[in-house]
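Participant: Annotations for this protein, taken from Swiss-Prot, read as follows:
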type     : residues                                                                              : note
BINDING  : Arg21, Arg126, Arg127, Arg166, Ser167, Gly168, Asp169, Asn177, His207, Leu208, Tyr209 : dUMP binding site
BINDING  : His51, Asp169, Ala263                                                                 : (6R)-5,10-methylene-5,6,7,8-tetrahydrofolate binding site
ACT_SITE : Cys146                                                                                : active site, nucleophile
Amino acid sequence: MKPYLELLQHVLEHGAEKSDRTGTGTRSVFGWQMRFDLNDGFPLVTTKKLHLRSIIHELLWFLKGDTNIGYLSDNQVRIWDEWADDNGDLGPVYGKQWRRWTGPDGVEIDQMQWLVDEIKRNPDSRRLVISAWNVGELPQMALMPCHSLFQFYVVNGKLSCQLYQRSGDIFLGVPFNIASYALLTHMVAQATGLGVGDFVHTLGDAHLYSNHFEQAREQLTRTPRALPTLRLNPEVTDLFGFRFEDIAIEGYAPHPAIKAPVAV
């Protein structure tokens, strides 16, 4: 995970001091790109332990089109709790936009189903794009999309994905985002009969919160370990048919977790 650690160090050393929506304060750079060859191992940060259950269940929750934290709570995932209302609702966030984008005529569009069909139908298309940034519904969202747009690319029988993330919490959020979209790429590839290529992660405002500086420095003292391997149940060929039990991360032996507060 050298690209991630290089970002962490660069922002610590060269980032600009900025205020932010949460009032915490950040150190930030604008415009950064990382590339991960998914054939070299699953890109999961090893210099601190990540909560795999949260990463997997959150992605399955997105793919269900769900926007209520009930499913997450039932599976001991708490990463969205701070933003939910008293009924557990978050408004029309990622799952709604991925599976039920509402057009100007009121018709709902299943972007993810369209994507799978289009990859099979026209793998050379330059329009294999999914957006969560639905301007008309942004005010209703508990949190506007940070990872807002992603595109797939097929060449030589391999599927690659590029994510544009407008805002990236480097210490807490970005490691989750890398793993989540790498997992999604593997799942879409299996559902479309393709191998995997690269995951490219492009960040707009890449920032470290001021109350994460010491944790970031601690992480940079640790030596990265071998990347784990992702195993998907080969019998699942429907993107929306994956369950938690169909996804396994093998050989993950990270350094201990490093606690840090979430900026809300």
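Glycine is no exception: its Cβ is also placed from the backbone N, Cα and C atoms.
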Participant: Quick one: pull the CA-CA distance for Ala263 ((6R)-5,10-methylene-5,6,7,8-tetrahydrofolate binding site) versus Tyr209 (dUMP binding site), whole Å only.
Facilitator: 8
Participant: Rounded to a whole angstrom, what is the largest C-alpha distance between any two of the residues Arg21, Arg126, Arg127, Arg166, Ser167, Gly168, Asp169, Asn177, His207, Leu208, Tyr209 that the record assigns to dUMP?
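Facilitator: Greatest Cα-Cα span of the listed binding residues: 36 Å.
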Participant: Roughly how many angstrom lie between the C-alpha atoms of Asp169 (dUMP binding site) and His51 ((6R)-5,10-methylene-5,6,7,8-tetrahydrofolate binding site)?
Facilitator: 16
Participant: Expressed to the nearest Å, what is the distance separating His207 (dUMP binding site) and His51 ((6R)-5,10-methylene-5,6,7,8-tetrahydrofolate binding site) at their Cα atoms?
Facilitator: 21
Participant: Neighbour count first, Cβ atoms within 10 Å, every protein chain included; then name which of His51, Arg127, Ser167 tops the list of binding-site residues.
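Facilitator: Comparing the binding-site residues His51, Arg127, Ser167, the most crowded Cβ belongs to Ser167.
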Participant: So if I measure Cβ to Cβ from Tyr209 (dUMP binding site) and keep only same-chain residues at least 6 apart in sequence, which ones fall under 8 Å?
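Facilitator: Looking at Cβ-Cβ distances below 8 Å from Tyr209 (dUMP binding site), excluding near sequence neighbours, one finds Asp20, Thr22, Thr24, Gly25, Thr26, Asp169, Phe171, Ala260, Ala263.
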Participant: What does DSSP say about Arg21 (dUMP binding site): helix, strand or coil?
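Facilitator: DSSP call for Arg21 (dUMP binding site): coil, neither helix nor strand.
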